[in-house]
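K.L.:
Sequence annotations record features per position, and here Swiss-Prot assigns domain 'TTL' to 1-367 based on sequence analysis. Summarising the annotation, Swiss-Prot assigns ATP binding site to LYS138, GLN144, GLY145, SER181, LEU182, TYR183, ILE184, LYS194, PHE195, ASP196, THR241, ASN242 and lists similarity to another entry as the type of evidence. Marked as protein binding site by Swiss-Prot: GLN144. Swiss-Prot lists ARG220, LYS259, LYS344 with the feature L-glutamate binding site, giving similarity to another entry as the kind of evidence. Per Swiss-Prot, the feature Mg(2+) 1 binding site maps to ASP313, GLU326; the stated evidence is similarity to another entry. For GLU326, ASN328, the entry in Swiss-Prot reads Mg(2+) 2 binding site. What Swiss-Prot lists as region 'Disordered' is 391-423.
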Amino acid sequence: MAGKVKWVTDIEKSVLINNFEKRGWVQVTENEDWNFYWMSVQTIRNVFSVEAGYRLSDDQIVNHFPNHYELTRKDLMVKNIKRYRKELEKEGSPLAEKDENGKYLYLDFVPVTYMLPADYNLFVEEFRKSPSSTWIMKPCGKAQGKGIFLINKLSQIKKWSRDSKTSSFVSQSNKEAYVISLYINNPLLIGGRKFDLRLYVLVSTYRPLRCYMYKLGFCRFCTVKYTPSTSELDNMFVHLTNVAIQKHGEDYNHIHGGKWTVSNLRLYLESTRGKEVTSKLFDEIHWIIVQSLKAVAPVMNNDKHCFECYGYDIIIDDKLKPWLIEVNASPSLTSSTANDRILKYNLINDTLNIAVPNGEIPDCKWNKSPPKEVLGNYEILYDEELAQGDGADRELRSRQGQSLGPRAGRSRDSGRAVLTTWK
């Protein structure tokens, strides 16, 4: 009989530990021989640092890629997507097609974004083109809505820059980088409230790219009705959907936690907008997720000991266009409601079934192609090997989320095009 998997974690969450114990795995310390380490992003940095000089053996796997930040840091994600667009343009790919105003027809899925302080002059130029716009500033390396604020005047950003420079604890050399993005001020509202989507995406390998979408994502709602009014720019209960912020609101509901399941959203949209339009929206969401992964795949350290479950944040505007806002390397495993706890327990269970075949001691040399029976609530979102195989187009087109891309005779209202191939 094979030995038991030895596990370590530095994240004390019951949804993790219960899953390990259910499998009969054995807990050890990080200084002992371990097979599976569910670690924080800080720890992964140390494990793969040159100074650590640590080499993982074939029977060890971890839950982050070494340079996951190429996707999960807001500034690097945007940089990689911009590079990806340029490369496709250079290749003459139809995906990089632009309209008469120079806007990408298909790859325009991230709001206009600049890095600060590096791109300050470029930002000012853009700001002056549409001075009535609202922009959202976010620190590159923080999560849960920390350090975010909205601006609609250049004087506000000048004040921020001045305050940052004169701050006694922030030197100019290591001043925290921010991104500033055009704020989506026409979000789709339900019950007058803004919401976003949190979707879970598992990547088992980047080269070839193989990723899975979790079917049980959810919507996070603001507790206060949305208004684009400048008087409410500082009210984060109106603008930010993060549970870490909304749970402090007077109207926060501790029973449902201000959340809807994705399937409820789908039913709502089918009844209010129609089935075809709703299917097109979800196809497009799936498509932009795959494009974001393709954008970072060339620069990602595709270490065979790694897999990663990302939390994708998507906002839908009132024209039913989805926007990729950010990607989280460590989506929260804290449970805000009973349903939340069940969802996250099942998410970890299904993730482990794919990452650790049969719950046996890992062998990082396996082909990372689990049988369909173990996918649970995951479904294959994209499989590069399959996409490049003979007859793959027909196979892929028959799957949910695999049908976006250029086509003849599109119109702006009929949806932003349907792809005939994923190659």
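Using N, Cα and C of the backbone, Cβ positions are placed for all residues, glycine too.
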K.L.:
Looking at the binding-site residues LYS138, ILE184, LYS259, ASN328, LYS344, which ones sit with their CA no more than 10 Å from the CA of ASP313 (Mg(2+) 1 binding site)?
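P.N.:
Those close enough are ASN328.
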K.L.:
Secondary structure at ILE184 (ATP binding site) (DSSP, helix/strand/coil)?
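P.N.:
Going by the DSSP assignment, ILE184 (ATP binding site) belongs to neither helix nor strand, so it counts as coil.
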K.L.:
Spatially, which candidate from the binding-site residues ARG220, GLU326, ASN328, LYS344 is nearest to LEU182 (ATP binding site), comparing Cα atoms?
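P.N.:
So, of the listed binding-site residues, the one sitting closest to LEU182 (ATP binding site) is GLU326.
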K.L.:
Spatially speaking, which of the binding-site residues LYS138, ILE184, PHE195, ASN328 is closest to ARG220 (L-glutamate binding site)? Use C-alpha to C-alpha, please.
P.N.:
PHE195
K.L.:
Given the binding-site residues ILE184, LYS259, LYS344, state which is nearest to GLU326 (Mg(2+) 1 binding site) when distance is taken between Cα atoms.
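P.N.:
Nearest in space to GLU326 (Mg(2+) 1 binding site), counting only the binding-site residues, is ILE184.
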K.L.:
Rounded to a whole number, how many Å is the Cα of ILE184 (ATP binding site) away from the Cα of LYS259 (L-glutamate binding site)?
P.N.:
21
K.L.:
Express the distance between the Cα positions of ASN328 (Mg(2+) 2 binding site) and LYS344 (L-glutamate binding site) as a whole number of Å.
P.N.:
15
K.L.:
Of all the Cα pairs drawn from ARG220, LYS259, LYS344, the residues the record ties to L-glutamate, which distance is largest, in Å?
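P.N.:
Roughly 15 Å, rounded to the nearest whole number.
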K.L.:
Which residues of the same chain, at least 6 positions away in sequence, have a Cβ lying under 8 Å from the Cβ of LYS138 (ATP binding site)?
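P.N.:
Set apart from LYS138 (ATP binding site) by at least 6 residues yet with Cβ under 8 Å, we have LYS74, GLY147, ILE148, TYR178, VAL179, ILE180, SER181, GLU326.
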K.L.:
For PHE195 (ATP binding site) and LYS259 (L-glutamate binding site), determine the Cα separation and express it in whole Å.
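P.N.:
For PHE195 (ATP binding site) versus LYS259 (L-glutamate binding site), the Cα atoms are 9 Å apart.
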K.L.:
Show which residues of the chain containing LYS344 (L-glutamate binding site), separated from it by at least 6 in sequence, have their CB under 8 Å from its CB.
P.N.:
VAL15, LEU333, SER335
K.L.:
If you draw a 10 Å sphere on the Cβ of LEU182 (ATP binding site), how many other Cβ atoms land inside?
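P.N.:
Summing over all protein chains shown, LEU182 (ATP binding site) has 18 other Cβ atoms within 10 Å.
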